[in-house]
Amino acid sequence: MGVALVLLSAAAFGVMAIFATFAYEAGVSPESLLLVRFSLAAVLLWGLVRAQGARVGRGPAPLVALLGLGAVLYAVQSTAYFEALQFTDASVLTIIYYTYPAMVAVAAALLGRERLTPARLAALVVATGGLVMVVLGGGVGSVRPLGVLLGLTCALSYTVYVLVCDRVSGALEPLPLAALVFTGAAATLAVRSALAGGPDLTFQPVGWLWLAGIAVVSTVLGMVAFFAAMARTGPSTASILSMAEPVVTAVLAAALLQQTPTVAQVIGGAVVLFAVTLLQVRRRSPASAPVPPASSSSVEAARL
């Protein structure tokens with residue numbers, strides 16, 4: 001049951017780029033997509049928090065910190081991701097984004113939180129090589145530089161979010177953590193929309209279907225399934241199995257969007273996922289640095 005829940009979560013997150021692409025075709029702007037996604041998801045998550053009687057936390061400091069993280073880092077990384085989808089194929093973008101565990105490993109080593117062993121260093125080199133294959137493997141002009149830059153911005157800002165959130169979240173339960181972060185992001189995007197004259201909701205009616213899919217399926221369902229799976233399989237297994245997400249995105253992008261990666265990009269993507277899986281295994285091992293596995297996995301579950 002736990003494995004099935006992880007794969008359900010990976011599928012829910014993996015289909016998000018597909019929903020977003022269809023939403024753009026219906027005339028939805030990235031700004032409107034983000035505002036509706038975070039607002040609706042925050043409302044649903046707070047409803048689940050109340051229904052489950054989850055503890056929101058003690059003291060205002062961690063709550064304010066998480067709201068701030070959502071308002072700044074989470075809003076930035078999500079904006080970069082959905083903007084990048086306008087310039088890069090969904091499968092390529094997802095692989096670029098999934099370099100964030102490698103970035104976390106490097107940053108954690110520089111901060112003295114984890115040791116950068118020879119094996120982990122080798123995995124980082126392999127991941128970098130795989131990323132180069134993904135970006136350049138489609139030939140000249142197949143990947144637009146702005147899309148790659150936005151994808152790397154997304155991965156980098158999410159790396160900072162994971163490292164900071166892991167320290168400020170304390171013993172906060174997963175659902176309230178996600179609800180606070182999403183509320184902060186929704187607030188930032190609402191202010192941004194107001195300053196721009198209000199959200200543009202003049203898109204085709206079918207756009208609402210894709211927005212609902214992003215908020216309900218690719219956000220709330222994905223998170224709830226991951227948290228439920230983590231309780232059954234443990235954080236290490238859940239995190240590793242969630243690597244199925246880029247595979248789901250690639251398969252659906254090829255089937256529904258005719259975005260077929262080249263052989264070099266497929267090999268590069270497999271190399272990246274292999275290296276990242278090794279990093280995840282070693283990061284969760286007892287010999288790793290003193291980052292609580294359950295807390296770290298809960299933070300990372302609230303992704304994109």
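From the backbone N, Cα and C atoms, a Cβ is placed for every residue, glycine too.
Residues or ranges marked as domain 'EamA' in TrEMBL: 1-135 (among others).
Looking at the domain 'EamA' (146-279) alone, the prediction's average pLDDT is 89. The feature domain 'EamA' is assigned by TrEMBL to 146-279 (among others).
Marked as transmembrane segment by TrEMBL: 33-51 (among others).
If you look up TrEMBL, you'll see 63-82 (among others) marked as transmembrane segment.
According to TrEMBL, the transmembrane segment annotation covers 94-112 (among others).
TrEMBL lists 121-140 (among others) with the feature transmembrane segment. Tertiary proximity for the transmembrane segment (121-140) is limited to same-chain residues at least six positions away from its ends with a CB under 8 Å from its CB atoms, namely 92, 95-96, 99, 102, 105-106, 148, 261-265, 267-276, 278-279, 282.
Here TrEMBL flags 146-165 (among others) as transmembrane segment.
Here TrEMBL flags 177-195 (among others) as transmembrane segment. Beyond the transmembrane segment (177-195), the same-chain residues lying 6 or more positions past its ends with a Cβ under 8 Å from any Cβ of the stretch are 31-32, 34-35, 38-39, 41-42, 45-46, 48-49, 63, 66-72, 74-75, 78, 165, 169, 219, 223, 298-299, 301-302.
Taken from TrEMBL, the feature transmembrane segment applies to 207-231 (among others). Sequence-distant neighbours of the transmembrane segment (207-231) (same chain, 6+ residues past either end, Cβ-Cβ under 8 Å): 2-3, 5-6, 8-9, 12-13, 15-16, 19-20, 22-23, 26-28, 33, 36-37, 40-41, 44-45, 48, 174-175, 178, 182, 238, 241-242, 294, 297-298, 301-302.
Look at TrEMBL and you will find 238-257 (among others) tagged as transmembrane segment.
Among the features that TrEMBL reports, transmembrane segment is placed at 263-281 (among others).
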Residues in the domain 'EamA' (1-135) grouped by DSSP into helix, strand and remaining coil: 108 helix, 0 strand, 27 coil
Tertiary contacts of the transmembrane segment (263-281), as residues 6+ beyond its ends and Cβ separation under 8 Å: 91-92, 95, 98-99, 101-102, 105, 119-120, 123-124, 126-127, 129-138, 236, 239-240, 243, 246-247, 250
Touch test for the transmembrane segment (146-165) and the transmembrane segment (94-112), at least 3 Cβ pairs under 8 Å: yes
